[in-house]
Structures are given as C-alpha cells and as structure tokens.
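Here the structure is laid out as structure tokens; the discussion comes afterwards.
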Amino acid sequence: MSTTGTPKTTAEIQQDWDTNPRWKGVTRNFTAQQVSDLQGTVVEEATLARRGSEILWDLVNNEDYINSLGALTGNQAVQQIRAGLQAIYLSGWQVAGDANLSGHTYPDQSLYPANSVPSVVRRINNALLRADEIAKIEGDTSVKNWVAPIVADAEAGFGGALNAYELQKAMIVAGAAGVHWEDQLASEKKCGHLGGKVLIPTQQHIRTLTSARLASDVADVPSVIIARTDAEAATLITSDVDERDREFLDGTRTAEGFFGVKNGIEPCIARAKAYAPYADLIWMETGVPDLEVAKKFSESVRSEFPDQLLAYNWSPSFNWKAHLDDATIAKFQKELGAMGFKFQFITLAGFHSLNYGMFDLAHGYAREGMTAFVDLQEREFKAAEERGFTAIKHQREVGAGYFDRIATTVDPNTSTAALKGSTEEGQFH
C-alpha cells in the first residue's frame with residue numbers, strides 16, 4: 001500500500017517546530033497534536049507552494065533585498081522572470097480591477113469573489129510552468145528558476161478566522177509561496193491609499209494570522225505569512241476591547257458605532273510588535289515614501305525583535321518625483337534593504353504597464369496606422385537582440401514548439417506540426 005501523502009506524526013511535527021531554524025521566533029497558539037488531529041489520514045502534496053515558500057524564505061534571508069512587480073496575467077509574470085526578477089507579487093487591487101472571477105471591474109474594496117486571487121495564482125504558476133517546459137526542450141538555461149515564488153494578497157481575509165483558514169488553504173493549493181493579511185475590517189476594506197479604513201482590534205488580527213499559520217501547518221507547507229497594518233492612515237476601529245489599542249482612541253464614535261483612533265507611525269509600531277511573533281514579515285502601509293519614517297519603524301520593531309523581516313510597498317499611488325529627487329530614488333531600495341525591508345514590491349506595476357502600453361500603441365495607431373505597430377515590433381526585435389526578449393516570436397512563446405514535440409513523440413511521422421511552415425519560422429529568425 002502506498003505511503004504517499006501520509007502525514008507526519010505529532011512527534012515529528014513538534015520536533016520540526018523545535019529544531020528547524022525556519023521556526024525561530026514563531027509563536028503558535030495551538031499544539032502539534034491539534035495540527036495532527038486536523039490533518040486526516042492523507043495530506044495532499046502541495047509541491048509549488050512548498051517549493052516556492054522555501055525559495056522565498058531563502059531569498060529574503062540571504063539577499064540584500066528582493067524586488068518584485070505586481071503581475072496581472074500569466075504572461076506578465078513570465079516576462080518578469082525572463083527579465084531577471086526572482087519573485088512575483090500578486091495584488092488584490094489588480095485582481096479587483098481586471099482579473100477576478102466575477103468578470104467585473106472593481107475598486108480595491110474586497111468586492112470580488114474570495115477565490116479570485118487563488119485562481120490568478122494558479123494561472124501565473126501555469127504560465128511559469130509552461131515557460132519552464134519550453135526552455136527545457138530548447139536547451140535554454142538563461143533563467144535559473146522559472147517557477148518563481150508568488151506572494152499573494154489575502155486582503156483582510158474576506159470574513160473571520162474560518163474564512164482566513166480556507167483562503168490560506170486555497171492559496172496553498174494554487175501554489176502561493178507567501179500570503180499577506182491586513183488588519184482592516186473585511187466588510188469595509190479599502191485600498192491602503194483610500195479613505196474610510198476601519199481597523200480591527202490587534203487581538204483579532206492575531207487570530208487571523210494564527211488561522212493562516214494553522215492552515216499552512218495542516219497542509220504541511222512552510223508558507224511565508226506577512227502581516228500588514230493600515231494604522232498609519234486609518235481613523236476608525238471596530239472595538240475598544242483590546243487594551244493595546246486603547247491608548248490610540250480619540251474619544252469619538254461614529255454613526256456605525258466605530259471608535260475614532262489617532263493614526264500615524266506609533267500605532268503601526270505597536271501593532272507590528274504585537275504581530276511579530278505570528279508573522280514572518282511585517283508591512284506598514286504608508287501614505288508617502290519616506291526613508292526616515294521607514295527607519296523609525298524598522299528600528300522600533302527590531303529593537304524588540306532583532307530578526308524581524310519587513311516588507312515595503314513601492315506604491316504607484318505615490319507621486320514619486322513630487323516627494324524624492326533622482327538620487328534618493330536610486331538609493332531608496334538599497335537603503336531600505338539595509339534596514340531589514342527584505343521584500344519590496346510595486347503593487348500595481350502590471351496595471352500601469354498594461355494600460356499605458358496599450359494606450360500608447362492605440363494612440364499612435366489611431367493617428368499613424370501601421371507605422372505605430374511596426375515601431376513597436378522594431379523595438380521588440382531590438383530587445384530580443386540586446387536584452388533577451390523572446391515574445392517577439394509569439395507562437396514559440398505560448399508553446400507551439402512544445403506541443404509539436406508532443407505530437408512528434410506520439411507519431412514521429414506526423415505531417416501536421418504547427419511551427420514547420422509557419423510565418424514565424426519563415427520570417428522571425
């Protein structure tokens with residue numbers, strides 16, 4: 001009888017927690033026995049999530065920093081890895097705007113179906129796996145790791161602790177390496193750069209983080225759990241139940257019954273310290289790019305948790321040139337990395353790249369006709385020659401040659417291979 005999928009024993013789980021450096025500083029509000037009880041007799045192998053989690057953890061611990069771009073589609077992710085990035089970021093904002101399962105365009109307010117982000121994680125992984133297959137049959141070794149780790153946005157969890165557990169589970173099945181969770185009220189969730197944000201009590205967000213960790217442990221995957229706080233800008237909180245939040249109450253109440261709170265860096269620091277035992281990385285959402293604010297946050301958190309890793313959002317919601325000069329922009333990432341901000345990302349890079357790229361082409365095409373597209377094609381040829389761009393050969397890029405290989409493996413005498421005799425073979429050398 002096969003032993004594949006047999007879960008670890010309670011003793012083996014506990015030994016891993018006690019001896020594996022991966023779990024240094026991690027607090028669990030549950031026992032190894034409770035994890036074992038929840039596993040059943042078979043645990044599905046989550047190869048992509050496990051592999052991605054291990055790679056991501058290695059990167060953020062051993063590189064100066066990892067910079068990432070938000071991908072909106074599978075092909076965008078492929079281009080990012082082809083160009084030299086080592087990790088993919090997937091934002092809920094972009095999924096809301098153009099990639100959710102309801103097929104609608106939404107603002108970043110958790111209006112889309114909760115399984116939409118896992119669906120896009122799976123799509124991106126499928127695209128990366130195909131790129132890896134194509135590269136292998138072509139003998140292309142220029143990319144070290146095609147199936148790069150994906151950090152995905154769980155927003156505010158779409159509900160309570162059980163919703164968070166199920167969403168983390170879905171992220172793992174889809175192959176996410178890391179997942180971030182924000183401390184907003186899910187039913188009133190807003191983009192970090194919109195108004196009207198409502199915080200949940202510190203203890204409630206710890207419950208969310210605990211649910212995510214439990215789901216990962218039950219799946220036997222070392223998922224990278226990221227805690228985000230929106231306390232820098234939020235002006236409301238649902239309850240005064242947690243004494244850690246009370247010093248920031250401003251004495252006001254709203255028509256909905258929410259409590260007014262004083263925002264800023266101090267509540268962010270307080271929350272980050274509370275989340276640190278439960279999170280592998282911590283992200284403070286900010287309204288402007290400011291090295292001094294980042295330094296204060298890092299020094300305050302790491303004075304108590306010296307090994308705590310941090311994350312930073314290079315948000316397109318900032319007008320970068322209005323805040324920083326070119327020299328500061330050029331050194332910003334390196335200096336953040338030295339402060340412990342090991343995962344740095346541009347959340348909406350895919351949205352802006354996709355929309356501006358198409359607008360620019362359409363603007364030229366509307367006025368110049370085919371000249372505009374030929375200009376684009378010539379830039380593609382130049383990028384292929386000088387920088388390793390491959391999508392100029394679009395049939396090859398999506399796997400026509402790979403599926404020809406399948407066809408000729410099945411029947412070496414086939415006369416219906418796709419690339420042979422194609423215009424791409426004839427004109428794109």
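Indices start at 1 and increase along the chain as displayed.
The backbone N, Cα and C atoms fix where each Cβ goes, glycine too.
Record features (Swiss-Prot):
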ACT_SITE  C191  active site, proton acceptor
BINDING   S91, G92, W93, G192, H193, R228, N313, W314, S315, P316, S317, T347  substrate binding site
BINDING   D153  Mg(2+) binding site
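Annotated features, which come from Swiss-Prot, shown on the structure.
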| residue | record | Cβ contacts under 8 Å, 6 or more apart |
| --- | --- | --- |
| S91 | substrate binding site | G70, D153, T347, L348 |
| W93 | substrate binding site | G70, D108, D153, C191, T347, L348, F351 |
| H193 | substrate binding site | A233, E285, G287, S315, S317 |
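Between the binding-site residues S315, S317, the minimum number of other C-beta atoms within 10 Å of a residue's C-beta occurs at S317. Under the three-state DSSP scheme, N313 (substrate binding site) falls in the strand class. According to DSSP, the residue listed as 'active site, proton acceptor' sits in a coil region rather than a helix or strand. There are 26 other CB atoms within 10 A of the CB of D153 (Mg(2+) binding site), with all protein chains counted.
Cβ neighbour count for N313 (substrate binding site): 26 (other Cβ atoms within 10 Å of its Cβ, all protein chains included).
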